[in-house]
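Chemist: So that we are looking at the same thing, I have put the structure below in structure tokens.
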Amino acid sequence: MARAHWGCCPWLVLLCACAWGHTKPVDLGGQDVRNCSTNPPYLPVTVVNTTMSLTALRQQMQTQNLSAYIIPGTDAHMNEYIGQHDERRAWITGFTGSAGTAVVTMKKAAVWTDSRYWTQAERQMDCNWELHKEVGTTPIVTWLLTEIPAGGRVGFDPFLLSIDTWESYDLALQGSNRQLVSITTNLVDLVWGSERPPVPNQPIYALQEAFTGSTWQEKVSGVRSQMQKHQKVPTAVLLSALEETAWLFNLRASDIPYNPFFYSYTLLTDSSIRLFANKSRFSSETLSYLNSSCTGPMCVQIEDYSQVRDSIQAYSLGDVRIWIGTSYTMYGIYEMIPKEKLVTDTYSPVMMTKAVKNSKEQALLKASHVRDAVAVIRYLVWLEKNVPKGTVDEFSGAEIVDKFRGEEQFSSGPSFETISASGLNAALAHYSPTKELNRKLSSDEMYLLDSGGQYWDGTTDITRTVHWGTPSAFQKEAYTRVLIGNIDLSRLIFPAATSGRMVEAFARRALWDAGLNYGHGTGHGIGNFLCVHEWPVGFQSNNIAMAKGMFTSIEPGYYKDGEFGIRLEDVALVVEAKTKYPGSYLTFEVVSFVPYDRNLIDVSLLSPEHLQYLNRYYQTIREKVGPELQRRQLLEEFEWLQQHTEPLAARAPDTASWASVLVVSTLAILGWSV
């Protein structure tokens, strides 16, 4: 599970806003957070002074006759990660957390975020800002109704509110005599001015054919075929998510951190292809790739990114029907299309199609995971040698694993910010160390590594938790129950077209048996050199049904607040299951190839079926990764792999431990203190 944002996938709100929702932030000490109750207020050095920027913003609000202005923390494409160019909320507030909304009135300013970021907000915001510890539109609107007068106008950038978010604000304000006002010129941008980072300008390039599952022409033809088969026969499909355009044309760039995308829209009609982007970024080779020997309906017209609203409005004047996926379309696009000309589904045909990988895409993703396993194994071997020296901290460790991945063939950087967490930090949501704030790795503590890579042939995401010393009995039990959950879901056979939410509980059952649980989702889709969190695959209530060819992560966990955290994450391919009797059934094929920590496994808790599965998995790891290690003369890592994939044998529970439990339980029943 990568560090999550509101953007790339709406499921992340469920996966992560609830994840560890009751864990306590790191206690940074009273002098590390602001204290606005003193005179003068105490402000740590991490605070940003926002007085001048707020004054300038309010002047802009006056020119628009606004009583309030909403500043979301997203961009125009609901990206999971956003570029510096789009970090408006962070710039105006000083708060850089990946989730949260700011609202400014003529007299007050406030930020709403969830428990993951409360301490961070108190460290970064000055006393111009109130911190509200709720999320969603309802608490924001409740606050607005008390702060702005009747007749007040609430402004927003329509390209920063999704259709659903706009509808929730609009509904909440109905009957209040306050008006929601769409303003296409972003007011924060006007204040930011020349200090605002520029839009990235690196080349947009075509993937080599070896790394694509289909040509872009085949993909376009497939989408047009779906248009013709749709009940409402749309004349066009509008693509707003950056991953959609990148996938459709097999194009990549580096506009977004950790994601190989470029700012773009696509309007694919039954007779034309219009790609909205910065044309100057297309080399002659890329332009030729798009239009070499093309005929009318298969020629790509590149139009300026800024013209998308005007172009869609002009197209909408005709006898047309525009098909959109509402989950990724912003209100700024939606408001330009007459409602009678809209064809809406939750997800666009591109989002649905790319969720199911063809045989070539499957092979590419599997190959990337073999090389990724080499990088992770190299790191684990390096840790075993260096942690006892006391020279490794969370941040330097993250740098090393990123370095090892960068040395792998076809590497294009990490797929998210590495989560490198030791001891109690592993129990914190989205903990990522910094050079200034980190914890030393110790042989006496558990260590959680959640990391992934972008490769030309695939995107990876894997989590392993290890302990180099003597773990407690409870740590071993918790780890083993998490492992059992991973195995139970990975080996499950279920009917085709079953939704992920129907089987998700199998990953929790072993934890539930002991009264344990985890607060986050159990998995997410993953792309081919695209998003590390690829919607709409996964185990949430609003994910689509599982189908052969989908890839998903499987990642149960357990988090002991203030002590340790455990997560075991693998990526798995949905495949046909072999059953005794004929039928349409599916199961998972795990494609992550790094062994689990034997030091943390209590074999006595494993059933014969669990052991059989685990030993088969270890044999697969040997077969897939072993030859690659040998080919590259990584002999120390090969020996490590052999040791850590030795077959596990069944073992009876520790009778002494059970006797101790029995004695303690008996004394407790008798009412004696122990």
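Even glycines carry a Cβ here, placed using N, Cα and C.
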Chemist: Of the residues D461, D488, D602, only one is listed by Swiss-Prot in the Zn(2+) 2 site with H524, E555, E569. Which is it?
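Modeler: Only hit among D461, D488, D602 in Swiss-Prot's Zn(2+) 2 site, alongside H524, E555, E569: D461.
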Chemist: Can you tell which of D444, D450 Swiss-Prot lists as binding Zn(2+) 1 with D461, E569?
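Modeler: Zn(2+) 1 site check in Swiss-Prot: besides D461, E569, the record includes D450 out of D444, D450.
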Chemist: Listed substrate-binding residues R116, H430, H524, H533, E555 - what's their greatest C-alpha to C-alpha distance in Å?
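Modeler: So the binding residues stretch over 20 Å, Cα to Cα.
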Chemist: Hey, does DSSP put H533 (substrate binding site) in a helix, a strand, or just coil?
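Modeler: Where H533 (substrate binding site) sits, the three-state DSSP reduction gives coil.
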Chemist: Among the binding-site residues R116, H430, H533, which residue has the largest number of other Cβ atoms within 10 Å of its own Cβ?
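Modeler: By the 10 Å Cβ neighbour count, H533 comes out on top.
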Chemist: If I take the Cα of N35 (N-linked glycosylation site) as reference, which of the recorded positions N49, N65, H524, H533, E569 has the closest Cα?
Modeler: N49
Chemist: For E569 (Zn(2+) 1 binding site), which of the recorded positions N65, N278, N291, E555 has the nearest Cα in space?
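Modeler: Out of the listed candidates, the nearest Cα belongs to E555.
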Chemist: In whole Å, how far is E555 (substrate binding site) from A649 (GPI-anchor amidated alanine) when you measure between their Cα atoms?
Modeler: 25
Chemist: Work through the glycosylation sites one by one (N35, N65, N278, N291) and point out the residue whose CB has the fewest other CB atoms within 10 angstroms.
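Modeler: With the glycosylation sites N35, N65, N278, N291, fewest surrounding Cβ atoms within 10 Å: N65.
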Chemist: For a quick check of packing: other C-beta atoms within 10 Å of the C-beta of D450 (Zn(2+) 1 binding site), how many?
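Modeler: D450 (Zn(2+) 1 binding site) is surrounded by 27 other Cβ atoms within 10 Å.
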